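Listed in TrEMBL for this protein:
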DOMAIN    7-89  domain 'Shikimate dehydrogenase substrate binding N-terminal'
BINDING   THR15, LEU16, SER17, THR62, ASN87, ASP102, TYR213, GLN241  shikimate binding site
ACT_SITE  LYS66  active site, proton acceptor
BINDING   ASP78, LEU211, GLY234  NADP(+) binding site
DOMAIN    234-258  domain 'SDH C-terminal'
Amino acid sequence: MTRLYGIIGHPLGHTLSPLVHNWGFARFGIEARYEAWPTPPDELPAFMARLRETPIQGLSVTIPHKTAVMDFVDVVTDLGREVGAVNTLFWRGGALHADNTDVAGFCRPLVVRGIAPEAALLLGCGGAARAVAAGLRRLQVPRIGVTGRSMEKAGALAREFGLEPVAWEDRADFPAALVVNATPIGMAGRHEGVSAYPAAAWEPGRLAYDLVYNPYETRFLADAARAGAGVVPGLEMFLYQAVEQFCLWTGRVLPDDELRPLLMEALYGR
């Protein structure tokens with residue numbers, strides 16, 4: 001019997017998740033398929049009720065349901081509770097569990113590069129920033145600053161995760177070896193071509209990590225590279241959160257060296 005998986009969100013647009021997971025099923029000879037199910041917020045309760053009556057083995061969850069869906073599951077992992085958001089649902093022993101693989105997705109590119117910064121600065125205070133904050137704590141970064149255009153939101157996130165609030169106008173003065181952009185600034189569309197961090201602040205020895213993955217090289221990354229700093233493109237976090245998700249469902253590890261070219265072709269035609 002073909003196992004069924006899918007993704008819910010609204011809008012879903014051109015989500016890459018079906019490409020990734022269906023490729024993975026074929027790669028390992030798993031009889032399963034992965035579909036996209038656009039689900040507006042007012043339809044979430046009905047969808048989650050149907051989920052318990054339908055043979056759906058696993059679910060990816062994206063905006064705007066990452067927090068709301070937690071009310072419809074049996075078990076939320078400690079990490080999911082810490083972040084306050086989940087992106088992966090799976091069954092264990094007849095119970096519906098919810099977890100967050102965004103944290104592992106964020107951490108993995110730093111771990112494989114052997115990067116262990118003494119200080120990091122987080123740009124942004126939204127949902128993505130929460131996963132980054134949890135990830136930086138798991139990596140035991142000694143000093144973590146957080147900044148955003150709203151000092152009130154930055155302060156609230158800082159208190160919750162034990163970070164240092166940094167005024168937006170002072171962000172270039174925070175001595176961070178790692179700077180993470182968890183804002184939509186630089187994303188294709190109206191934010192494209194703009195950076196959330198001053199170009200003049202970059203220098204060799206620092207690392208820019210952008211969560212935005214379209215375009216591949218954002219202004220944030222381009223400015224850093226031009227100054228001799230290291231860069232981590234946003235595609236890496238997307239790739240590794242999917243690898244973690246696939247492993248939760250199947251116990252198999254997607255080979256990142258095969259998956260990366262697939263995503264590069266799908267996203268950027270290269």
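Just so you know, glycine gets a Cβ as well, placed from its N, Cα and C.
TrEMBL annotations: computationally assigned, not manually curated.
Those same-chain residues not listed among THR15, LEU16, SER17, THR62, ASN87, ASP102, TYR213, GLN241 yet with C-beta within 8 angstroms of the centroid of the shikimate site C-beta atoms are ILE7, SER60, PHE238, ALA242. Whole-number maximum of the Cα to Cα distances across the NADP(+)-binding residues ASP78, LEU211, GLY234: 25 angstrom.
Counting residue by residue with DSSP, the domain 'SDH C-terminal' (234-258) contains 20 helix, 0 strand, 5 coil. Among the binding-site residues LEU16, GLY234, GLN241, the residue whose Cα lies closest in space to that of the residue listed as 'active site, proton acceptor' is GLN241. A helical conformation is recorded for ASP102 (shikimate binding site) in the three-state DSSP classification.
DSSP states for the domain 'Shikimate dehydrogenase substrate binding N-terminal' (7-89), grouped as helix (H, G, I), strand (E, B) and coil, give 34 helix, 20 strand, 29 coil. Neighbour density for SER17 (shikimate binding site): within 10 A of its CB lie 20 other CB atoms from the protein chains shown.
Across the fold, the C-alpha of LEU16 (shikimate binding site) and the C-alpha of ASP78 (NADP(+) binding site) stand 27 Å from each other. Note: the CA-CA distance between ASP102 (shikimate binding site) and LEU211 (NADP(+) binding site) rounds to 11 Å. In this structure the residues listed as binding shikimate are THR15, LEU16, SER17, THR62, ASN87, ASP102, TYR213, GLN241; their two most distant Cα atoms lie 18 Å apart.
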